[in-house]
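First the structure, which I've put down as structure tokens, then a few questions once you've had a look.
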Amino acid sequence: MQRVKGWFKASFEKISSAVASVGNEGKRLAKEDLRRVVHAFKVGLAIAAISLLYYFDFFFDGFGVNAMWAVMTVVVVFEFSVGATLGKGVNRALATLLGGALGVGTHDLASLAPEKVEVILIGVSVCIIAATATFCRFFPNIRARYDYGFLVFILTFSLISVSGYRDDVVFDMAYRRLTTILIGGCVAILICIFVRPVWAGKDLHRHTAANIEKLACYLEAFGRVYFQESYDKNLAQLKDFKSVLISKGTEDSLVNFARWEPRHGKFRYRHPWNQYLKIGSGTRECAYKIDALNCYLVSDVQTPLELRTKIQDFCTKISSECALALTDVAIGLRTMTCPVASEKHIAEAKAAGKTLKALLKTGLWHDTEFLDIVPVVTVASLLIEIVACTTKIADSVEVLATKAKFKKPDPEMNRQASREKVKRSPSIEASHSVNIVYE
């Protein structure tokens, strides 16, 4: 009896621990981004609304069991952002329409032939069209935006073509299925747009600005800590940039979703979304330079401090000016205003880099072991390369500002922002953090 009680007690403790763990994880996810909770309720609302087609006799008499296709469409189509939902909804509707029309046409043509020949014609048609559509999915441009549509097209065409051989009411079946899918897609899109919408374009914009801020934050911290005798290698500013290195997949997804979205907020029709990919490419290039720079910062074997101090002024100048330039670019991008102070900071960084390069050519470290000066020279070289990356990022943002018609900043606001930048170091504000949940 004691063994049974002990087993039940241990099982209860394990179940309680698992439930508590799931609850804590749920709280963390909700606290990290409250939009996830809202999205869950939006999906539930859409499914409940579309289920009316199945509950009420009036709708059920018109659609029959095909009403379940509307529920399936909502479940499959409803995504986190408006762009992703629109993309899937349009893909599913067009693919169902084309696949259904082609399936009905194939069935009608094959039915004109003798029964044995009809089977062969349907089989050959399914093979050729399915193979062609599958091959088209390998094209990069098609795969990026229409992969789901081609998949639904193959499924719809195959189902209608094959089932039409045993069912004479294939046209009525295709009509009902298409209608319910359109209704389900429309309900999902309307709820996604009008109930606390999440715009992929806005997330992309904030995500790009946040990545630039992370680079600026690291460079500002690097100028402070590298030339100290000892420092905390676990500073938060020294870790945030690593997320920039793996941001390409997120940016590609957000750009593809943003293309589907209508005009919203400050983002006009035909907004230059592709320019964000160029900005992201320059940002990652700079992040890779910073990653190499970070290896010398966190290394257990450091160059003697007296050797580092010989180039301290120029390296600190470069890192601080690049940080200020990137901060100005990020603020301009976030507020959709043309950055004006970045050119001055980049010019200062270039001048310091030019002087540092000339200094490295002189006999600065005579009577010094070669292996001792290699790390510090590499750090100096990387900082000079980071100046070029900063210039590339600023130029890409300037192109975006021109194409998207960013506002010209107010001179008084610009002076106030400059004073604030002097008072505080670049940082990533918690209120501007972006939690991307796209695949």
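Using the three backbone atoms N, Cα and C, a Cβ is placed for every residue, glycine included.
Remember, TrEMBL labels are computer predictions, not curated facts.
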From the ranges 93-113, 324-344, grab the one TrEMBL calls transmembrane segment.
93-113
If you look at how TrEMBL annotates this chain, which of 146-166, 272-292, 356-376 comes out as transmembrane segment?
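Spelled out, TrEMBL records transmembrane segment over residues 146-166, not the other listed ranges.
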So if I exclude everything within five residues of the ends of the transmembrane segment (119-139), which remaining residues of that chain have a CB under 8 angstroms from its CBs? That is, six or more out.
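Residues 102, 106-107, 109-110, 113, 147, 150-151, 153-154, 157-158, 161-162, 164-165.
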For the transmembrane segment (146-166) and the transmembrane segment (93-113), does the number of C-beta pairs under 8 Å, pairs 6 or more apart in sequence, reach 3 or more?
yes
List, by number or range, the same-chain residues at least 6 past the transmembrane segment (68-86) whose CB is under 8 A from its CB atoms?
35-36, 39, 42-43, 46-47, 50-51, 53-54, 92, 177, 180-181, 183-185, 187-189, 191-193, 197-201, 203, 256-261, 264, 437-438
How about long-range neighbours of the transmembrane segment (37-56): same chain, 6 or more residues beyond its ends, C-beta under 8 Å?
30, 63, 67-68, 70-71, 73-75, 78, 80, 180, 183-184, 187-188, 191-192, 195-196, 198
